[in-house]
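J.: Feature list, courtesy of TrEMBL:
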type	residues	note
ACT_SITE	E132	active site, proton donor
BINDING	C18, C102, C200	[4Fe-4S] cluster binding site
BINDING	H47, H80, H130, S228, S229, N230, S273	isopentenyl diphosphate binding site
BINDING	H47, H80, H130, S228, S229, N230, S273	dimethylallyl diphosphate binding site
BINDING	H47, H80, H130, T170, S228, S229, N230, S273	(2E)-4-hydroxy-3-methylbut-2-enyl diphosphate binding site
Amino acid sequence: MTSDSSRRVLLAAPRGYCAGVDRAVITVEKALEQYGAPVYVRKQIVHNKYVVQTLEKKGAIFVDETEEVPENAIVIFSAHGVAPVVHEEAAQRSLASIDATCPLVTKVHKEARRFADSDYDILLIGHEGHEEVIGTMGEAPERMHLVDGPADAAHVHVRDESKVVWLSQTTLSVDETMETVDALKERFPQLLSPPSDDICYATQNRQVAVKQIAAEADLVIVVGSRNSSNSIRLVEVALQAGAGASYLVDFAEECEDAWLDGVGTVGVTSGASVPEILVDGVLEWLAARGFADVQVVTSAQESIQFSLPKELRRDLRAEAAEKAAHAASE
Ligand code: SF4
């Protein structure tokens, strides 16, 4: 067994909550305060078990489809975005919808619409079945083709090879996406690239940060849920960058003592939908096993913030104005 003095933890920074997740979680909390429980949320607001369970306790009800929401109720759309048809369904059921789609996902939706309107075939690099992919494909289903990894590039058929553009899911591995783009470019030399990165700043920063610690780590523990795309990518990137082993855990209780056999350096990071309290739990678990020396390895600073969805801001403003008027009249 390694001695205590050679046991250390490298804690990646940035890690955890991104601006889009922070906004989505606050949206549900503020909506519960403003309108009272229950507030319905279509799909998991963000892909994290703990966050969903905590919001459920406060009165959020998570549903899979809009039709499960009672008429005239409030429904919040998750950070992953929805297809236009979902907005239509909500309107048909007279639901008051609040759209917590991350603005960086909305950006990809807008690109998809713009290229579809210009009659391009759009090759969307992403993972089949992921909510974000379903939402983005829904912007122009007749023009979009899903490309799920480099091997898929061989099977794509487009109408006009001179009018093809690629876009991507926001939470992919940067390196793997570039491999897919290269494979697509071999097939379609005139393939157009998106005007700016679709893989978001938070995904990219967390991958760079985990790479930095993985090369020195015998083990990398990634805190995140199994349905969180960006968290799963962190495990893959850690392994590719040289980590001896890497595991994804929702909670510290899932960590196993056997993982620490012969281990001197443990890397720790977390996905973009993970609150810091869960990372603290893993650090405590490690400290109890002799890994109390924690060194933070910072590769970038983040300061991005997004304003709340406009529907919610409008109602919060109206209530503040009403309160001010009431106070003035007293
Ligand atoms: S991971 Fe990126 S795209 Fe997804 S919510 Fe966070 S900032 Fe937005």
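Backbone N, Cα and C atoms are what each Cβ position is placed from, and that goes for glycine too.
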J.: With the [4Fe-4S] cluster site defined by C18, C102, C200, which remaining residues of that chain have Cβ atoms positioned within 8 Å of the Cβ centroid?
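T.: Those within range, site residues removed, are A19, G20, V21, A79, L104, V105, T170, T171, Y201, A202, T203, A272.
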J.: Output: those recorded positions from C18, H80, C102, E132, T170, C200 whose CB lies less than 6 Å from an atom of ligand 1, in sequence order; none if no residue fits.
T.: C18, C102, T170, C200
J.: Recorded positions C18, E132, T170: which have a Cα within 10 Å of N230 (isopentenyl diphosphate binding site)?
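T.: Those near N230 (isopentenyl diphosphate binding site) - Cα within 10 Å - are T170, in sequence order.
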J.: Relative to the Cα of C102 ([4Fe-4S] cluster binding site), which of the binding-site residues H80, H130, S229, S273 have a Cα no more than 10 Å away?
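T.: Of H80, H130, S229, S273, within range: H80.
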J.: Check C18 ([4Fe-4S] cluster binding site) against DSSP and tell me helix, strand or coil, would you?
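T.: Where C18 ([4Fe-4S] cluster binding site) sits, the three-state DSSP reduction gives coil.
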J.: State which of the following binding-site residues has the fewest other Cβ atoms within 10 Å around its Cβ: H47, H80, H130.
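T.: Candidates: the binding-site residues H47, H80, H130. Fewest Cβ atoms within 10 Å: H130.
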J.: Count the Cβ atoms, other than its own, that fall within 10 Å of the Cβ of S273 (isopentenyl diphosphate binding site), considering every protein chain shown.
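T.: Excluding its own Cβ, S273 (isopentenyl diphosphate binding site) sees 32 Cβ atoms within 10 Å.
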J.: Which residue among the binding-site residues T170, S229 has the fewest other Cβ atoms within 10 Å of its Cβ, if you could check?
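T.: Result for the binding-site residues T170, S229: minimum number of other Cβ atoms within 10 Å at S229.
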J.: Hey, what's the Cβ neighbour count for C102 ([4Fe-4S] cluster binding site) at 10 Å?
T.: 25
J.: Of all the binding-site residues here, C18, C200, which one's CB has the most other CB atoms within 10 A?
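T.: Counting Cβ neighbours within 10 Å, the top one is C18.
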J.: For E132 (active site, proton donor), list the number of other Cβ atoms lying within 10 Å of its Cβ atom.
T.: 25
